[in-house]
Amino acid sequence: MDAAQVPAAVVVDVGALTGPIGSEAPAAPKGPAWKRFLYHVGPGFMVCLAYLDPGNLGTDLQAGADHRYELLWVTLIGLIFALIIQSLSANLGVVTGRHLAELCKTEYPAWVRICLWLLAELAVIAADIPEVIGTAFAFNILFHVPLWVGVLITGSSTLLLLGLQKYGVRKLELLVGLLVFVMAACFFIEMSIVKPPAEEVIHGLFIPSLSGPGATGDTIALLGALVMPHNLFLHSALVLSRNTPSSVRGINDACRFFLLESGVAMFVALIINICIISVSGTVCNSSNVSPDDSAKCSDITLDSSSFLLRNVLGNSSAVVYGVALLACGISSSITGTYAGQYIMQGFLDIKMRQWLRNLMTRSIAIIPSLIVAIIGGSSGAGRLVIIASMILSFELPFALIPLLKFSSSSSTMGQHKNSIFIIGFSWILGFVIIGINIYFLSSKFVGWILHNSLQIYANILIGIVVFPLMLIYVCAVIYLTLRKETIKFVACGELQTIETDKSKLANGSNMEEKKDQLV
């Protein structure tokens, strides 16, 4: 039945629809808190890779080169915001036993659901493009293969690594965790060699400042690169791999452990981002930088950034940077493909073999990267990364608003609904992020219209097409925000409470019957 046809009073029994949470996972361990916490470690580190992907790497490098350590505070605030949003996503999965795409499929009418699915798939493609191209650049730096060959290797290597899924999601999480720490080790080595002044780094991290040309634009770019639409679908799905008890205490414990685990993962992501910005800021703003390197600093690309350590590591700088970029690209490619699987399954409920779904998801992202790599080479690939970042900014409201509505709703979250303070703060935060992204997109488009070399009539035609689309975009955001929910979801904890009450009532009736028989 379509969601539009479902009466408002209809209750969706989540457990009946999806089966027990984590039914294929081993039972949650009992014992000390640290042991139960370790059982929940994994999803947060998978998700944190979206904040360490090649797109973020390029944005960090340019921010450091242009503004030294001045914009470190933006990264700190952005990752705090990201932690809050990701915790809402994790809580949604734990409480309802369904991930965000599945909830969207049940809640929205067919035409809205199809639009959200297409936008979510576009977000996965846009997120995968920097990851694929970044990994291809790493293969080019390390093994000197052509860029298009690197794209093909990236696709095949990601599929092979995703083959670990048949051994369980925990093995894949372990692999991703190792790649994160390889990446962290490489950037820590770079930072220890460059030795940025600690006082200036701390000042930039905690004292907000926006001085110098382009600071506002770079701030918006940094924030826009941090909250990824596909990540919101992914986190709500990954937490389902744990066998969370359907009791109030079990759900509360899982939410707390996932929040703590995500906090640790985001802290690692923050440290790596600080290292990247600090290395770029120190090298590009040093007094002895050569004119050639200074020109590269004004427009840093992923394939040319190894020059940052050439003066201290010589030819080895390319190897250290290439290994870091390889770990960064492969790990984030894995999570992008994983997110695509959940989005396809959740919105469309397509039943197909896992390897085939992996192949479809990966191919959709590789095709545009491969075409651009063959035709445009490194410069074309770099421009494609920028376009992909803009698409992600455009896509964000269509994942964030449903998440905020579901996580703020008593009909979805039941007794696990967030407090008024958390609801208010998360909505304000969400609209700040959405506003920043809309401003970023609008200013980029208007700036392009004013400064391009096209004829006046061409600009008028483009405006006639684009401005109505922008109006539709704003109307769609308003619709998703104001639309009233039509389905009441029964959370897993509430189901257990109902079943317990029924059991007590049944036991009481049985006792009365036995007494009557004795009499």
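Every residue gets a Cβ built from N, Cα and C, even glycine.
Curation does not apply to TrEMBL; its annotations are automatic.
As annotated by TrEMBL, transmembrane segment applies to 37-52, 72-96, 108-129, 141-162, 174-194, 214-234, 255-279, 318-339, 359-378, 384-406, 418-440, 460-482.
Against the transmembrane segment (384-406), stretch 108-129 has more CB pairs under 8 A than any other of 37-52, 72-96, 108-129, 214-234, 318-339.
When each of 72-96, 141-162, 174-194, 214-234 is scored by its Cβ pairs under 8 Å to the transmembrane segment (108-129), the top-ranked stretch turns out to be 214-234. Most Cβ pairs under 8 A with the transmembrane segment (255-279) among the ranges 37-52, 72-96, 214-234, 318-339, 418-440 are made by 37-52.
Segment contact holds for the transmembrane segment (72-96) and the transmembrane segment (214-234), given three or more CB pairs below 8 angstroms at sequence separation of 6 or more.
Below 8 A, the CB atoms of the transmembrane segment (418-440) and the transmembrane segment (141-162) form no more than two pairs separated by six or more positions in the chain, fewer than 3 in all.
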